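**Q** Structure provided below as structure tokens; questions to follow.
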Amino acid sequence: MRVAVSGFKGRMGHEVVKTVLREADLELVAVLDHEPKEKNINEIVEFSSLDVPVFGNLSEMLEEIKPDCVVDFTTPKVGYSNTKTILEHGVRAVVGTTGFTPEQISELRSIAESKKIGALIAPNFAVGAVLMMQFAQKAAKYFPNVEIIELHHDNKLDAPSGTAVKTAEMMAETREFVKQGAADEVELIEGARGAEYEGMRIHSVRLPGLVAHQEVIFGAEGQGLTIRHDSYDRISFMSGVALSVRKTKELETLIYGLENILD
């Protein structure tokens, strides 16, 4: 498959480029960056042996290169518009950018189905993180008292993380509604109890040195259960990205969540 990478200078995008180069059935045909200084990726020392054009305009790249799939790891500010543009050009998309609303996902799914092309948006591409979410969903049926703590590097722009939101959404499907905490609790400092989703509390930590980590903490009379996943390196996401790129060939709709394509 001919693959283009949007946001290739970001930490995730850079790792995606290396992954595409490693995979025998994937070919890197273009990269995209906001206002790039380079015209070819070989102007970067690490990729000096390659011949891959660098673009600053997404539509121009799509029309000139006509890739089979675009992998987008950019920012929440442009993730939606990028994905919409990719799909409207009839090109498959794998998107790790977070911050999409349910309405935006629904609209993008309609575009993918009208074009009969596959696309996948996932808040997390680490298989271990997907398993964490599935385990938490099952546990929430029996432990409705639960809070989420997600921890990421301090350059992450959105909070809570897409993984935390997706986890809460999945738990809400099996969990009896409980508003977590005392009914008359008072926040002495606003926000001390974190964000709230369907009665569950979500806490976001941003610190240098972290990559991506999440704990789902359940409490009950006389017992507790903690489910935790840690990504220590961005390589942990790459098998999921490669799998998703290949899977788009089989789809004619947009899938939200890596768990929906795992066997």
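Using the three backbone atoms N, Cα and C, a Cβ is placed for every residue, glycine included.
Feature annotation from Swiss-Prot assigns NAD(+) binding site to G7, F8, K9, G10, R11, M12, G96, T97, T98, A122, P123, N124, F125; the stated evidence is sequence analysis. What Swiss-Prot lists as active site, proton donor/acceptor is H152. Swiss-Prot lists H153, G162, T163 with the feature (S)-2,3,4,5-tetrahydrodipicolinate binding site. Taken from Swiss-Prot, the feature active site, proton donor covers K156, and the record attributes it to sequence analysis.
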**Q** Any idea what the Cα distance is from G7 (NAD(+) binding site) over to G162 ((S)-2,3,4,5-tetrahydrodipicolinate binding site), rounded to a whole Å?
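**A** Each residue's Cα considered, G7 (NAD(+) binding site) and G162 ((S)-2,3,4,5-tetrahydrodipicolinate binding site) end up 18 Å apart.
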**Q** Return the residues near T98 (NAD(+) binding site), defined as same-chain residues 6+ apart in sequence whose C-beta is under 8 angstroms from its C-beta, sorted by sequence, else 'none'.
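**A** T98 (NAD(+) binding site) has long-range Cβ partners P76, G79, P123, D158, S161, G162.
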**Q** Centre the Cβ atoms of H153, G162, T163, go out 8 Å, and tell me which other residues of that chain have a Cβ in range of the (S)-2,3,4,5-tetrahydrodipicolinate site.
**A** T98, P123, N124, E150, H152, K156, D158, S161, A164, A212, Q214
**Q** What is the separation, in Å, between the Cα atoms of G96 (NAD(+) binding site) and T163 ((S)-2,3,4,5-tetrahydrodipicolinate binding site)?
**A** 11
**Q** Work out how many Å separate H153 ((S)-2,3,4,5-tetrahydrodipicolinate binding site) and R11 (NAD(+) binding site) at their Cα atoms, rounded off.
**A** 11
**Q** Pick out which of the recorded positions H152, H153 has the most other Cβ atoms within 10 Å of its own Cβ.
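**A** Ranked by Cβ atoms within 10 Å, first place goes to H152.
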**Q** May I ask which of the recorded positions H152, K156, T163 is closest to F125 (NAD(+) binding site) if we compare their C-alpha atoms?
**A** T163
**Q** What is the separation, in Å, between the Cα atoms of T163 ((S)-2,3,4,5-tetrahydrodipicolinate binding site) and R11 (NAD(+) binding site)?
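**A** Per the Cα atoms, T163 ((S)-2,3,4,5-tetrahydrodipicolinate binding site) and R11 (NAD(+) binding site) stand 18 Å apart.
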**Q** In angstrom units, rounded to an integer, how far apart are the Cα atoms of K9 (NAD(+) binding site) and the residue listed as 'active site, proton donor'?
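**A** Roughly 15 Å, rounded to the nearest whole number.
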**Q** Using the structure shown, find which entry in K9, R11, K156 (the recorded positions) has the sparsest Cβ neighbourhood within 10 Å.
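**A** It is R11 that, of the recorded positions K9, R11, K156, has the fewest other Cβ atoms within 10 Å.
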**Q** Taking the Cβ of G162 ((S)-2,3,4,5-tetrahydrodipicolinate binding site) as centre, how many other Cβ atoms lie within 10 Å?
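**A** A count of 20.
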**Q** How big is the gap, in Å, between the Cα of R11 (NAD(+) binding site) and that of the residue listed as 'active site, proton donor', rounded to a whole number?
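**A** Just about 11 Å between their Cα atoms.
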**Q** What whole-number value in Å do you get for the largest C-alpha pair distance within G7, F8, K9, G10, R11, M12, G96, T97, T98, A122, P123, N124, F125, the residues recorded as binding NAD(+)?
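**A** Spelled out: the longest distance between any two Cα atoms in G7, F8, K9, G10, R11, M12, G96, T97, T98, A122, P123, N124, F125 is 20 Å.
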